[in-house]
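Structure first, commentary second.
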C-alpha cells in the first residue's frame, strides 16, 4: 500500500492533534546541603514561610529562611538518609494537625500521629498549627473559675477560664506536679485538658500518662509529646500543635485547659534552629523574635464571646462562650526570674505562681511564695465563698514571714505578736497539701473558715493535719446536703455562714482528732 504525501501529512496532523502528555506544574528544588537537621534548597521559587516541603521517603521539612537564591528548611524528624542533589517539592500547604474529640485519651506526637499503640485516630477535622489569636472585640472578660484543687492557689492566686497563669520555679520544686493536679481536678468540671511535654525524658512523660490514667483524667485529656530525643523542630512546634487541639474546643463553645511543660525548653529548641539557620543572635544567644515566639502562642489562650462561637460554628452553637486557659511552665536557674525568657513570659501572662526551692526543702508543698505570686485577672473569677473567706490568708502569711524574721533576734515577744506568729504558722501548715489529692470547693472553704474564724487557736500544730482530715470526714457524714450545695453553687450568705459555724463547733465538741 502506497501513501501519497497528502495522506502522510494528514496522518501526522491527526497524530499531533490527538497527542496528549499528562503534565503537572510542580514547585521543585534541589538539596544543596544537609547539616544538623537543616537543609538548604536551591529552587522552590514560590515557597511560603512555614510551608511544608515534601522530602524523599514521605518525610517533611518546614521552610523557615527564604533567601534570594535558596531556602533554609528544618527537617521534621530523622535526616540521616538525606543527601545533596535530592529533589524536594513544595506542597503549598501550611502544617496542619488532626483535632477533635477523637484525640481525647490519646498520646500523640507534634504532628498529631498516635504514639500510644492504641491504633489510628479516626478524625476528619484538621487545623493549622499557626492561627491568629482572637481580636479584642471577639473576647470576653474572664469571670468563671478554674479550680486547681490547691488551697494555696484557689484562695490566694485564683485562675479564671481564659487566663494565662505562669508556673515558674527552679527544677524539682513541684511545677509539673501542680499542673498535673490541676488537670486531674478537671475530670468532673467539664473542662477538657491538653498536656504538652516539651524536651522531657520519655520515662518522665510515661509516668505522667500513667498517673493521669490512674486518677481517671486521661479520658478527658490529650497528651502531646516532643521528648528530648526528638528533633528540635518538633520541640519548637509542639506547643502550637497542642494549642490548635485546645482551640477546637474553645471555638465550639467548650472550655479547655492547656499546660505547656515547659516553654524554657521550647525557647532553647528555637534558639538551636535559629543559630543553625545563621540568624543573628541577641541576648543569651536567643534570636530577636523569641518574645514573639511565646506571645503569639499565649495570646491564643482566651475567653471568646457568644458571637464568635456562633459565627465560627455557622450558627450551630448559640449563646455559649468558649475558653482556653493556659498554664505555661518556665524553669529558672538558681531562682533568677530576671533572665531573658522568664521576664518575657511574666510580661505576657496574666500572673505567675512562683515556687521556691527553700519552701520546698522546708516541707512546705506546694512551695508557693505568696509574696511574689499574683493573679492579675483571676479575682473576678474566684468562687464567691472562697473569695469571701480567703481575704486574710495572704495578709496572715505575709505578716508571719515578716514577724518570723524579727522573732529570731528577739526572745521577749508581746502576746499579740505571739498570737500572730502562731496564727501564721498554722495557716502555713494548713496550706500544705499532698500530691494527687485535689480538694473540692467545700473542702477548701471549711478548712479556710476554721483558720479565719479562730477555731484553730487551741489545736496543736502537730495535730493540724489530723484535725483537717477528721473535720472533712465529719462534714461529709453530717452535712452531705451542704457539701453538695457549696460544690455546685459556691454561694455564701448568712444562712450558710450559720451552718458553717454550727458544723465546726459541733465537730470541735466531739474532740475526735
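All positions are counted from 1 along the displayed chain.
Backbone N, Cα and C define each Cβ position, glycine as well.
Copied over from Swiss-Prot:
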type	residues	note
BINDING	169, 170, 171, 172, 173, 174, 175, 176	ATP binding site
SITE	373	site 'Required for activity'
Cα-to-Cα gap, residue 373 (site 'Required for activity') vs residue 169 (ATP binding site), nearest whole Å: 11
Conformational class of residue 170 (ATP binding site) under the three-state DSSP mapping: coil
ATP site shell beyond 169, 170, 171, 172, 173, 174, 175, 176, criterion: Cβ within 8 Å of Cβ centroid: 331, 355, 357, 360, 367
Listed in sequence order, residues with CB under 8 A of residue 172 (ATP binding site) and six or more positions away: 357, 360
Binding-site residues (169, 174), the one with most neighbouring Cβ atoms at 10 Å: 169
Most Cβ neighbours inside 10 Å, all chains, among the recorded positions 173, 176, 373: 173
Surrounding CB atoms that lie within 10 Å of the CB of residue 170 (ATP binding site), all protein chains: 17
Among 171, 175, the most crowded of the binding-site residues [Cβ within 10 Å]: 175
